[in-house]
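Feature annotations, courtesy of Swiss-Prot:
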TOPO_DOM  1-7  topological domain 'Cytoplasmic'
TRANSMEM  8-28  transmembrane segment
TOPO_DOM  29-149  topological domain 'Periplasmic'
BINDING   HIS123, TYR127  heme binding site
Amino acid sequence: MTRKQKRLAVIAGGVGFIMVAVLLVLFAFGQSIAYFYMPSDLAKTPVGPGTRIRLGGLVAEGSVKRDTGSTVSFAVTDGTATVPVTYTGILPDLFREGQGVVTEGVFGAGGTLFDADTVLAKHDENYMPKEVADRMKKDGVWKGEGEAK
(Lines of atoms letter the chains of each structure in order from A and count residues from 1; the text may use other names and numbers.)
(Lines give C-alpha, C1' and ligand atoms only; values in the text may rest on other atoms or scores of the structure.)
Protein backbone atom coordinates (compact mmCIF):
# COMPACT_ATOMS: atom_id res chain seq x y z
CA MET A 1 0.00 0.00 0.00
CA THR A 2 1.34 3.38 -0.92
CA ARG A 3 1.45 6.37 1.40
CA LYS A 4 -1.46 7.96 -0.41
CA GLN A 5 -3.60 4.83 -0.03
CA LYS A 6 -2.76 4.55 3.68
CA ARG A 7 -3.71 8.18 4.25
CA LEU A 8 -7.00 7.67 2.39
CA ALA A 9 -7.76 4.53 4.44
CA VAL A 10 -7.13 6.38 7.72
CA ILE A 11 -9.34 9.29 6.65
CA ALA A 12 -12.13 6.94 5.51
CA GLY A 13 -11.92 5.02 8.80
CA GLY A 14 -12.07 8.25 10.82
CA VAL A 15 -15.10 9.51 8.89
CA GLY A 16 -16.83 6.15 9.37
CA PHE A 17 -16.12 6.21 13.10
CA ILE A 18 -17.50 9.76 13.43
CA MET A 19 -20.65 8.83 11.49
CA VAL A 20 -21.33 5.85 13.76
CA ALA A 21 -20.77 8.00 16.87
CA VAL A 22 -23.17 10.69 15.59
CA LEU A 23 -25.84 8.08 14.80
CA LEU A 24 -25.55 6.58 18.29
CA VAL A 25 -25.89 10.02 19.92
CA LEU A 26 -28.93 10.89 17.78
CA PHE A 27 -30.54 7.55 18.60
CA ALA A 28 -29.99 8.10 22.34
CA PHE A 29 -31.45 11.63 22.19
CA GLY A 30 -34.43 10.45 20.18
CA GLN A 31 -35.41 7.99 22.90
CA SER A 32 -35.06 10.44 25.78
CA ILE A 33 -36.70 13.56 24.32
CA ALA A 34 -40.21 14.27 25.58
CA TYR A 35 -42.01 16.88 23.48
CA PHE A 36 -44.15 19.49 25.24
CA TYR A 37 -47.90 19.63 24.54
CA MET A 38 -50.85 21.60 25.84
CA PRO A 39 -54.28 19.91 26.05
CA SER A 40 -55.51 21.89 23.01
CA ASP A 41 -52.51 20.60 20.99
CA LEU A 42 -53.52 17.03 21.80
CA ALA A 43 -57.13 17.75 20.79
CA LYS A 44 -55.90 18.87 17.35
CA THR A 45 -53.15 16.28 16.87
CA PRO A 46 -53.39 13.23 19.16
CA VAL A 47 -50.22 11.27 19.95
CA GLY A 48 -50.11 7.50 19.89
CA PRO A 49 -50.30 5.33 23.00
CA GLY A 50 -46.89 4.80 24.58
CA THR A 51 -45.42 8.03 23.17
CA ARG A 52 -43.54 9.90 25.90
CA ILE A 53 -44.54 13.57 26.19
CA ARG A 54 -44.69 16.47 28.63
CA LEU A 55 -48.20 17.78 29.25
CA GLY A 56 -48.61 21.25 30.71
CA GLY A 57 -51.44 23.50 31.80
CA LEU A 58 -53.52 24.18 34.87
CA VAL A 59 -54.99 21.59 37.22
CA ALA A 60 -58.73 21.77 36.47
CA GLU A 61 -60.94 22.92 39.36
CA GLY A 62 -62.80 20.04 41.03
CA SER A 63 -60.84 17.36 39.17
CA VAL A 64 -58.48 16.06 41.88
CA LYS A 65 -59.54 12.63 43.19
CA ARG A 66 -57.38 10.58 45.53
CA ASP A 67 -57.67 6.78 45.66
CA THR A 68 -57.09 4.73 48.80
CA GLY A 69 -53.45 4.19 47.83
CA SER A 70 -51.10 6.78 46.45
CA THR A 71 -52.85 7.10 43.08
CA VAL A 72 -54.27 10.52 42.22
CA SER A 73 -56.52 11.37 39.27
CA PHE A 74 -56.84 14.93 38.01
CA ALA A 75 -57.32 16.84 34.79
CA VAL A 76 -54.97 19.28 33.08
CA THR A 77 -56.58 22.12 31.13
CA ASP A 78 -55.46 25.12 29.13
CA GLY A 79 -58.87 26.77 29.03
CA THR A 80 -59.69 25.21 25.66
CA ALA A 81 -59.29 21.46 26.15
CA THR A 82 -58.86 19.10 29.11
CA VAL A 83 -56.85 15.88 29.45
CA PRO A 84 -57.46 13.36 32.28
CA VAL A 85 -54.28 12.33 34.13
CA THR A 86 -53.43 9.61 36.66
CA TYR A 87 -50.33 9.69 38.82
CA THR A 88 -49.08 7.18 41.38
CA GLY A 89 -46.71 8.63 43.93
CA ILE A 90 -46.28 11.57 46.23
CA LEU A 91 -47.41 14.86 44.72
CA PRO A 92 -45.39 18.05 45.23
CA ASP A 93 -46.49 20.09 48.26
CA LEU A 94 -47.58 22.99 46.04
CA PHE A 95 -49.84 20.84 43.82
CA ARG A 96 -53.46 22.05 43.93
CA GLU A 97 -56.40 22.88 41.70
CA GLY A 98 -56.13 25.97 39.52
CA GLN A 99 -52.32 26.02 39.62
CA GLY A 100 -49.75 25.46 36.88
CA VAL A 101 -48.42 21.96 36.42
CA VAL A 102 -46.18 20.08 33.99
CA THR A 103 -46.50 16.30 33.88
CA GLU A 104 -44.38 13.80 32.02
CA GLY A 105 -45.52 10.34 30.99
CA VAL A 106 -47.37 8.36 28.32
CA PHE A 107 -50.91 7.83 27.12
CA GLY A 108 -52.48 4.47 27.93
CA ALA A 109 -53.71 1.91 25.41
CA GLY A 110 -56.99 3.77 24.85
CA GLY A 111 -55.15 6.98 24.01
CA THR A 112 -57.33 9.19 26.23
CA LEU A 113 -55.94 8.75 29.77
CA PHE A 114 -52.49 10.21 30.42
CA ASP A 115 -50.39 8.14 32.85
CA ALA A 116 -47.87 10.53 34.42
CA ASP A 117 -44.71 9.34 36.12
CA THR A 118 -43.49 12.87 36.97
CA VAL A 119 -45.49 15.86 38.22
CA LEU A 120 -43.90 19.30 38.58
CA ALA A 121 -45.90 22.02 40.36
CA LYS A 122 -45.50 25.78 40.45
CA HIS A 123 -43.07 27.40 42.91
CA ASP A 124 -45.05 30.30 44.38
CA GLU A 125 -48.31 32.18 43.87
CA ASN A 126 -46.91 34.16 40.93
CA TYR A 127 -45.10 31.41 39.05
CA MET A 128 -46.33 29.38 36.13
CA PRO A 129 -43.96 27.27 34.01
CA LYS A 130 -42.70 29.52 31.22
CA GLU A 131 -43.62 27.13 28.44
CA VAL A 132 -47.19 26.85 29.78
CA ALA A 133 -47.61 30.62 30.18
CA ASP A 134 -46.16 31.34 26.73
CA ARG A 135 -48.46 28.83 25.07
CA MET A 136 -51.53 30.13 26.92
CA LYS A 137 -50.65 33.69 25.88
CA LYS A 138 -50.17 32.57 22.28
CA ASP A 139 -53.54 30.79 22.30
CA GLY A 140 -55.27 33.80 23.89
CA VAL A 141 -56.39 32.02 27.08
CA TRP A 142 -53.91 33.65 29.50
CA LYS A 143 -55.72 34.94 32.60
CA GLY A 144 -52.73 35.50 34.88
CA GLU A 145 -51.33 38.74 36.15
CA GLY A 146 -48.06 40.06 34.77
CA GLU A 147 -45.49 38.02 32.97
CA ALA A 148 -44.39 34.44 33.56
CA LYS A 149 -41.08 34.26 35.40
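Using the three backbone atoms N, Cα and C, a Cβ is placed for every residue, glycine included.
A mean pLDDT of 90 is what the model gives for the topological domain 'Cytoplasmic' (1-7). Per-class residue totals from DSSP over the topological domain 'Periplasmic' (29-149), listed helix then strand then coil: 20 helix, 43 strand, 58 coil. In terms of DSSP secondary structure, the topological domain 'Cytoplasmic' (1-7) contains 5 helix, 0 strand, 2 coil.
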